[in-house]
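Asker: Grabbed the feature section from Swiss-Prot, which reads as follows:
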| type | residues | note |
| --- | --- | --- |
| BINDING | Asp93, Asp95, Asp97 | Mg(2+) binding site |
| BINDING | Cys94, Cys112, Cys119 | Zn(2+) binding site |
| COMPBIAS | 1-13 | compositional bias 'Polar residues' |
| REGION | 1-20 | region 'Disordered' |
Amino acid sequence: MMTLTFASPPQNKSDLETGPAFTPRFDEKGLITAVVTDAGDGALLMVAHMNAEALALTLETGVAHYYSRSRRRLWKKGESSGNVQAVREIRTDCDQDAIWLKVSVAGHDATCHTGRRSCFYRTVGVDEGQAKLVITDDERHFDLKQVYAES
């Protein structure tokens, strides 16, 4: 159960950008974008969303929680796979409408539900006038059927 609450963002832009209060600016759906990188090597792992409850739980527990837009529910990262994200640092951008989590991943060291370390395992390019995807990291850190069958 969350106990932390967030004050409304200040009207004064200077206070928002340089003041000491963390006053996240959630969008019209009550969400804030979270960029997640590895605390050790800086690799981009995922982009997700948090509602106030997920953000509060993350701050209170030190474990990353997100809001799933597709499932419309709170989710503790790694609750099914065991790849829990321990939060080492949280930063916010200048206008406090996005956050950056630096995490250490437990379990199989995989963040993506596909079993890969990162959700960003493909590059985007153009081939013969068509946008194409190329897989650049095809290493699976765990067996999907085994891990998700256990949950």
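Cβ coordinates are placed from backbone N, Cα and C, and glycine is handled just like the others.
Small disclaimer: the values here were computed from a predicted structure and weren't measured.
Situate these features within the shown structure.
Answerer: Its Cβ taken as reference, Asp95 (Mg(2+) binding site) is surrounded by 11 other Cβ atoms within 10 Å in the chains shown.
The local packing around Cys119 (Zn(2+) binding site), expressed as other Cβ atoms within 10 Å of its Cβ over all shown chains, amounts to 17.
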Asker: Run through the Cβ atoms and count how many others sit within 10 Å of the one on Asp93 (Mg(2+) binding site).
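Answerer: Counting Cβ neighbours of Asp93 (Mg(2+) binding site) within 10 Å gives 13.
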Asker: Please report, as numbers and ranges, the same-chain residues at least 6 past the borders of the compositional bias 'Polar residues' (1-13) whose CB is under 8 Å from any CB of it.
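Answerer: Contacts with the compositional bias 'Polar residues' (1-13): 19, 21-25, 52-53, 55-57, 59-60, 95-96.
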Asker: Using a Cβ cut-off under 8 Å and a sequence separation of 6 or more, which residues in the same chain sit near Asp97 (Mg(2+) binding site)?
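Answerer: For Asp97 (Mg(2+) binding site), the qualifying residues are Pro24, Arg25, Asp27, Ile32, Thr33.
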